[in-house]
Structure formats: structure tokens, C-alpha cells
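Written out below as C-alpha cells is the structure these notes cover.
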């Protein structure tokens, strides 16, 4: 007779902490680049393939993103303003405040640069919407805020990177901004312009085109870490440094989650809107971040710079999965889940 015992609390927690498939693929790509990095003539091939992958990634993103989803939710301007300010103002200010960690030898200059970079990135789209839905929040507002964040990030993130790096004393070429507009914004705009012609086809073939996004990111990661391995990243980075980055990322996420919750309540937002602000305002996009880093930091140790973002990606998924379930299980009597 089958047992009717429920899984233990420990097993449930372990299930929640299980990395998602894409994270495992990212780790596998880093391992591959560590043992078999692109060298010699293959470096040129990898760089060319990466440029094509990034162009295709942002072209498809432009073709998929619905302008109606952004425009249609602008009536909830307070909520969207809060998400935008948390994403592009609060995060960068906290990032600047972490600079003393370099002087304390907690972070190397390149790792701090990576933390500062992730603070400038737009919010995620898929996970922000998914966690808002699980938690019983305002899904329509989450769709609008997350989409608008990514649209704004195409312009704001490169500008913020230039401003913050000058504040942090790091070098940054103005040519990098031009590269962003040519390699990222141009294909995105082309995708938007052609959306009326190919948007339906892209939507119908989402399952086929979905892996293209992931494959593009993995290719960029392979190229970035190949360069980093050739430059000796694993001679410069030990286990203690990795642990420190995880702790800094975790502390950063915890602080932002607390601040977004407090700010939402000070603005007297409804519980559904608070959930949307918390999940949209605390996320950072790996999908946008890695291609942007590849363009903005050409010639830098890109592997070291994107490492904090890759770790933050997994931490935010694990923490927000738990937080979404806590929200869902603690709604007051009579609470109506927003559609």
C-alpha cells in the first residue's frame, strides 16, 4: 500500500533550492570554457558567432515585445514609477555604496565592477511575471512594468554604466555606447518595426525560437569565459572570493527586497500592487545583461564582470520562489487574486 506521508520540510526546502535547467547549462558552459577555451583562430570564430547571436537575440526580443503591453498599463503610473526608480535609481545607489568593499579586500575591482554593472540592468520579464502570478499579485501591472523596464534598459543601462564607472574610477570608452546602439538597439528596433509582419509567426513558434534565446546567451558566456580563462581568471579567483561574491549578492538582494516592500507600503499600494513592485523591482535580467556586458566591456575581463550577475540570477530565483509562496499562503481573508 503506497505511503501517504507528506514530504518532510527539509525535502521541500531542497526542492525549492534546486537550480533551474538554464542555470545548470550556464555552469556547464563555464566548465567547458575552463577546460576547452577558444584559442587562436577559434577566438575570431567565437567572436563572430557571438556578435551574430547577440544581434539575433535582440532582434527576436524586439519582434516579441508588445508595445500594447507597455502602453496599456500606463494608467497605474505610481506603480510603474516605483518599479523604474527601484530598478534604475535605488539599485545603482546601493551599488555605489558598496565601493568600500574593494578597500576592505572583500571584492576585487573587477568583481565590484560586475556588482555595479548588475545594479544598472533592467528587470527580468518572465520570472517577474511568474513570481507575481504565483504570489497572487497584479499580473497585468507586472507585465507592463517588466516590459517597460527592458525597453528603458536599452537606453538607460549604457548611460548608467558610463556614469557609474566614472564615479567608481573605472575606465569606460564612449565608443562602447555607440556599440550598444548599433549591436543591441538597432536589431531591437528592427524587430519592433517588423513586428506587424513577423510578430504572429514568432508567437506561433515560441517553443522553437525559445531555445535560440538560451543558446545565444550560452554562446556569449562561452566566449566571455574563454577570454577570461586565457587571461587567467582561475588564477586570480579562489573559493573564498566566490563565497564573498555570493554573500554580497545575497545581501544586495535582501536589502532591495526589504526596501521595495517598505516603499510600497509607505505609498499605500494595495497588496496586489505591492507584490508586483517587490518582484519586478528586485530582479535583474541575465538575458539582457550578458550581451550588454559583451558590448560595453569589450577588452575587459568580461568573465569576471558577469560572474556576480550569474550568481545573482540563481540567488534571486531561489529566494523569490520561497517569497512568492509565502505571499500566496498569507493573504488576508477575502483577498481577491488580481488577474
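Each Cβ is built from the backbone N, Cα and C atoms, and glycine gets one as well.
Beyond the ends of the transmembrane segment (21-38), by six or more residues, the same chain brings 45-46, 214, 217-218, 221-223, 225-230, 234, 303, 310, 313-314, 317 to within a C-beta distance below 8 angstroms of the stretch. Annotation source TrEMBL lists transmembrane segment at 21-38 (among others).
Residues 38, 147, 150-151, 183-185, 187-192, 194-195, 198-199, 202-203, 209, 212-213, 215-217, 219-220, 222-223, 226, 287, 291, 294-295 of the same chain lie 6 or more positions beyond the ends of the transmembrane segment (44-65) yet place their CB under 8 Å from a CB of it. Feature annotation from TrEMBL assigns transmembrane segment to 44-65 (among others).
Within the chain, the transmembrane segment (77-99) has long-range Cβ neighbours (under 8 A, six or more residues past its boundaries) at 107, 112, 115-116, 118-120, 122-123, 138, 141, 144-145, 148-149, 152-153, 156-157, 160, 164, 167-168, 248, 252, 255-256, 259-260, 263-264, 267, 269, 273, 276-277, 280-282, 284. Annotated transmembrane segment per TrEMBL: 77-99 (among others), in sequence order.
Outside the transmembrane segment (111-132), and at least 6 residues removed from its termini, the chain residues within Cβ reach (under 8 Å) are 83, 87-88, 91-92, 94-96, 98-99, 101-102, 138-139, 142-143, 145-147, 149-150, 152-153, 156-157, 160-161, 164-165, 168, 170, 241, 245, 248-249, 252, 275-276, 279-281, 283-289, 292-293, 296-297, 300, 304-309, 312, 316-317, 320-321, 323-324. Look at TrEMBL and you will find 111-132 (among others) tagged as transmembrane segment.
Among the features that TrEMBL reports, transmembrane segment is placed at 139-164 (among others).
Under the heading transmembrane segment, TrEMBL lists 176-194 (among others).
The transmembrane segment annotation in TrEMBL covers 215-234 (among others).
Sequence-distant contacts of the transmembrane segment (240-263), counting only residues of its own chain at least 6 positions beyond either end whose CB sits under 8 Å from a CB of the stretch, comprise 82, 86, 90-91, 94-95, 98, 101, 106-108, 111, 115, 119, 274, 277-278, 281-282, 307-308, 311-312, 315-316, 319, 323. Annotation comment: TrEMBL describes 240-263 (among others) as transmembrane segment.
Feature annotation from TrEMBL assigns transmembrane segment to 292-312 (among others). When Cβ-Cβ distances below 8 Å are used as the criterion, the transmembrane segment (292-312) is approached by residues 26, 30, 33, 50, 54, 108, 110-111, 113-115, 117-118, 121, 157-158, 161, 172, 176, 179-180, 183-184, 220-221, 223-225, 227-229, 231, 233, 236-237, 242, 245-246, 248-249, 252-253, 284, 286 of the same chain, each at least six residues removed from its ends.
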